[in-house]
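Notes follow the structure.
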Amino acid sequence: MSCASEVQAQLFTHPVQIIYACVQTVLFLATIIGSLLAIVQLCKKTTIPDSTKVLLIGALFFANAHELAYFSSPFKVFKMNLFHTNTSCYPLASTLECIPTTTVLAMGISGNMLIQSALSIFRLLATIFPVCYSRMRALPGVVLLFMVLIPSFLSYSWIRSDIVLDDYQMFCSQWSANISSRANTYLEYCSYLTVAHIIINALIILRNRSVESKCRFDVQQRYLNSETLKTTQTICYLSIAQFLAMFLYSGGVLFMRKNQKNIPTLIYINVIVWVYAPPYACVSLAPLILFSLWNLKKQRQIRIQSITVQKETQEDHIRKLQLSWG
């Protein structure tokens, strides 16, 4: 067992760390409760395709996995402040002992990124083959989710491959100093991947709007393109939220590390923990899904109401058809 240095010992009991632990506890509980509510709503009959539901539930699983692993940090802060009696030695965690926690943590981050890729791929294929994909129901989502699970679970093993983990750290939710450069590269790739998701989904939205306007008299095709358009917009909003969180994290960490020499150690560590943005992305996922479901339902009700309320004569209908045909 290794004991914390004087600065590290101060961090365990510092008011900023206690406040941060309380905030992370709230985020942890909010993520779990929000995810349960989102899953209940997703399981109800909605206009969202079954495959998209499967992938969104998968995204919630990865978000909760990340939060469960990351909660080990505030839990240790509370434990050190409430039950630790030997103030002369605050124990540090061995990176070898922390492998299970860090594996789940990396799985949560990777899973959320790769789920965005799976959602983008599914929306792209649904745009190209709308009728075929509407008949396959949940099968594409199950296959894509399985393809996401394996690399997500192995991501930390790849990051720490051929590197000896023989150091100690304050929390198991921290990356080992021996793999910090690889971890930074990995998170940068996650940010680039999220940008690609936004671009792909924006292109899919433009494509579906174009196709929808061209097939106004093909009721089935127009309906399929309309559903794909609405679902793709929802996925794009989720990708933007992920991007903002990863941008805050990668940009903030890069700024802090470049100016680390000019910042006292105690202040540096107390500030940089707030820049760790994945918990913000995780807690925002369920509210975004719930809002998207509510918005889709509201839009559908408005369309149905406009059709049922609007009254027109046969002459008005023929006149509209003549105008639309040019």
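Backbone N, Cα and C define each Cβ position, glycine as well.
Positions annotated as topological domain 'Extracellular' by Swiss-Prot, on the basis of sequence analysis: 1-17 (among others). Looking just at the topological domain 'Extracellular' (1-17), the mean pLDDT is 82.
Residues annotated as topological domain 'Cytoplasmic' in Swiss-Prot, with sequence analysis given as evidence: 39-54 (among others). Counted with DSSP, the topological domain 'Cytoplasmic' (39-54) comes out as 10 helix, 0 strand, 6 coil.
Counting residues 6+ beyond its ends, the topological domain 'Extracellular' (76-101) has Cβ neighbours under 8 Å at 1-4, 8-9, 12-13, 17-18, 20-21, 69, 156, 165-173, 176, 178 in the same chain. Feature annotation from Swiss-Prot assigns topological domain 'Extracellular' to 76-101 (among others); the stated evidence is sequence analysis.
According to Swiss-Prot, the topological domain 'Cytoplasmic' annotation covers 123-138 (among others).
Swiss-Prot lists 160-185 (among others) with the feature topological domain 'Extracellular'.
Summarising the annotation, Swiss-Prot assigns topological domain 'Cytoplasmic' to 207-234 (among others) and lists sequence analysis as the type of evidence.
Here Swiss-Prot flags 256-270 (among others) as topological domain 'Extracellular', drawing on sequence analysis. Long-range neighbours of the topological domain 'Extracellular' (256-270) within the same chain, counting only residues 6 or more positions beyond its ends whose Cβ lies under 8 Å from a Cβ of the stretch, are 7, 10-11, 14, 16-17, 20.
Annotated topological domain 'Cytoplasmic' per Swiss-Prot: 292-326 (among others), in sequence order.
Residues or ranges marked as transmembrane segment in Swiss-Prot: 18-38 (among others).
What Swiss-Prot records for 55-75 (among others) is transmembrane segment.
Under the heading transmembrane segment, Swiss-Prot lists 102-122 (among others), citing sequence analysis as support.
Annotation source Swiss-Prot lists transmembrane segment at 139-159 (among others), citing sequence analysis.
The transmembrane segment feature in Swiss-Prot is assigned to 186-206 (among others); the stated evidence is sequence analysis.
Feature annotation from Swiss-Prot assigns transmembrane segment to 235-255 (among others); the stated evidence is sequence analysis.
Per Swiss-Prot, transmembrane segment is recorded for 271-291 (among others), and the stated evidence type is sequence analysis. Among residues of the same chain six or more beyond the transmembrane segment (271-291), those with a C-beta under 8 A of the stretch's C-beta atoms are 17, 20, 24, 27-28, 30-31, 34-35, 37-38, 41-42, 56, 59-60, 63-64, 66-67, 70, 108-109, 112, 237-238, 241-242, 244-246, 248-249, 252-253, 256, 263.
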Legend entry - Per Cβ pairs under 8 Å, the stretch of 18-38, 55-75, 102-122, 139-159 packing most closely against the transmembrane segment (186-206): 102-122
Inset, instruction - Could you give me the DSSP helix, strand and coil counts for the topological domain 'Extracellular' (1-17)? - result: 11 helix, 1 strand, 5 coil
Legend entry - Contact ranking winner - 18-38, 102-122, 139-159 against the transmembrane segment (55-75), Cβ under 8 Å: 102-122
